[in-house]
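Pulled from TrEMBL:
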- 19-441: domain 'Major facilitator superfamily (MFS) profile' (DOMAIN)
- 15-45: transmembrane segment (TRANSMEM)
- 57-77: transmembrane segment (TRANSMEM)
- 84-101: transmembrane segment (TRANSMEM)
- 107-131: transmembrane segment (TRANSMEM)
- 143-161: transmembrane segment (TRANSMEM)
- 173-192: transmembrane segment (TRANSMEM)
- 252-275: transmembrane segment (TRANSMEM)
- 291-312: transmembrane segment (TRANSMEM)
- 321-344: transmembrane segment (TRANSMEM)
- 350-374: transmembrane segment (TRANSMEM)
- 386-407: transmembrane segment (TRANSMEM)
- 419-437: transmembrane segment (TRANSMEM)
Amino acid sequence: MTTAIHGSGRCHVRFTFFVCFIVALAGLLFGLDIGVIAGALPFLSQDLHINNQQQEWVVSSMMLGAAAGALAAGWMSARLGRKFSLLTAAVLFIAGSLFSACSPNVASLIVARILLGLAVGMSSYTAPIYLSEIAPEKIRGSMISMYQLMIALGILTAYLSDTAFSYSGSWRWMLGIITIPAVVLFIGVLFLPGSPRWLAARGRYQEAQKVLNMLRSSSVLASKELEEICKSLKTKQSGWSLFKENSNFRRVVFLGGLLQVMQQFTGMNVIMYYAPKIFGIAGFTSTSNQMWGTVIVGLVNVLATFIAIGLVDRWGRKPTLILGFLVMALGMFALGTFLHLGALTEFQRYFVIVMLMLFIVGFAMSAGPLIWVLCAEIQPLKGRDFGMTVSTSTNWIANIIVGASFLTMLEKLGSANTFLMYGAMNIIFIVLTIMLIPETKNVSLEHIERNLMTGKPLRELGKRD
Ligand code: BGC
């Protein structure tokens, strides 16, 4: 039977590519929904007559939904399957995009953004896990960084489409156009196989074998992998009880949360959500300048992610992170200092933009992808689902705090001090990285787990004996 279904020749490569492409689309939608609001906000604020506080809520209501979506996905993708969870996310992406495009007032826009948030949160938990369960071992590591690349690409695409629609000021089209990739995601997910690991965990071994036959180059390889999956499944997921009983596990759950707080408090999303506004503060007052500047921000974010993909397995996580935080601190300090000067000369205005780009490079080459990589690596097998649910939800809660407080901070502290504060945060993160973050390059996950459970300090989790 296995040979009959087995995708021989190039067939399995094409099928694996198709599966990875569809799942990566979820990353693209994640990015589209994060990115789209920056360009739409100025137009919809004018149109719907909304104040700063309401704008903050339009931005951060999506993150609120995402935190809940990540929590729900932890449960849903374990019980009902990764595919079901992705399908639900796709439906919510469609509903949220349509609903936000047709919103008659700010209240319904906020509800629509919560729906989109649920979709984003669900896919931000499910897609990386599904990818890691479906990808062949050799490319499993790079997949997580690739996923980040898709997020960055989504943000860039949103900025480009916002710019195109900005000439007519049509914010409804900016938000509504996302329905198209969401429908593609929905149709694509219908054709996805179930995750072999999830199927095996449910005792559906034959189906798991069938899926692996389609994904791997030979049925021998597929059977071997299924055997390994069955072996690893002997370790039952028992996140909550492990959390209550085991202080070593609690330490690493804490570390996962801290890593995500660090990623968010770099200040990256302040720029992602409010880029045109920041260009305005720097003296670029025309809408077209602001929109194109924002596109360049998105492009730099995509390109610099390649630096991380190249460095992560050569340099290691820790030095790359430290360098990234340093670059981000420099960028934020320079921004803050120049904005203190008040009216800027033309040269100074461009310098501010260069510093903004420097900050983006710092994030995309380090904290952007690496935090997701580290969060996936440090959790012990037994508590992986639980640990990932906690860290992914923390990412979104921290994201809300950053998104919801930015405009208030601008009002209360002024733009210069706000950026200086984010600069200081990045310096603190360098210290935290040195003190607490382990180097996990070239270390097996089993080894990290052993170090954790024998009580080694967090920063030594990747240490060889
Ligand atoms: C972060 C998002 C951020 C994006 C920017 C992701 O890793 O979790 O909050 O907007 O990177 O590229």
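Keep in mind that glycine also has a Cβ here, set from the backbone N, Cα and C atoms.
Tertiary neighbourhood of the transmembrane segment (107-131): same-chain residues 20, 23-24, 26-27, 29-30, 33-34, 44, 48, 57-58, 61-74, 76-77, 82-83, 85-86, 88-90, 92-93, 95-97, 99-100, 143-144, 147, 195, 372, 376, 388-389, 392-393, 395-396, selected by CB-CB distance under 8 Å and a gap of 6+ residues from either end. Using a Cβ-Cβ cut-off under 8 Å and counting only residues 6 or more beyond its ends in the same chain, the transmembrane segment (15-45) has close neighbours at 7, 54-55, 58-59, 62, 86, 89-90, 93, 96, 109, 116, 119-120, 123-124, 126-127, 130-131, 134-136, 143, 146-159, 161-163, 165-166, 169-171, 174-175, 178, 181-182, 184-185, 188-189, 191-193, 214-215, 269, 272-277, 287, 291, 294, 298.
Below 8 A, the CB atoms of the transmembrane segment (291-312) and the transmembrane segment (173-192) form no more than two pairs separated by six or more positions in the chain, fewer than 3 in all.
Taking pairs at least six residues apart, the transmembrane segment (173-192) and the transmembrane segment (350-374) share fewer than three Cβ pairs below 8 Å and do not count as touching. Residues 23, 26, 29, 33, 69, 73, 76-77, 108-109, 111-113, 115-120, 122-123, 125-127, 130, 172-173, 175-179, 182-183, 185-186, 189-190, 192 of the same chain sit 6 or more residues outside the transmembrane segment (84-101) yet have a Cβ under 8 Å from a Cβ within it. Counting Cβ pairs closer than 8 Å to the transmembrane segment (143-161), the top stretch among 57-77, 252-275, 350-374, 386-407, 419-437 is 350-374. Take the transmembrane segment (386-407) and the stretches 57-77, 252-275, 350-374: counting Cβ pairs under 8 Å, 252-275 has the most.
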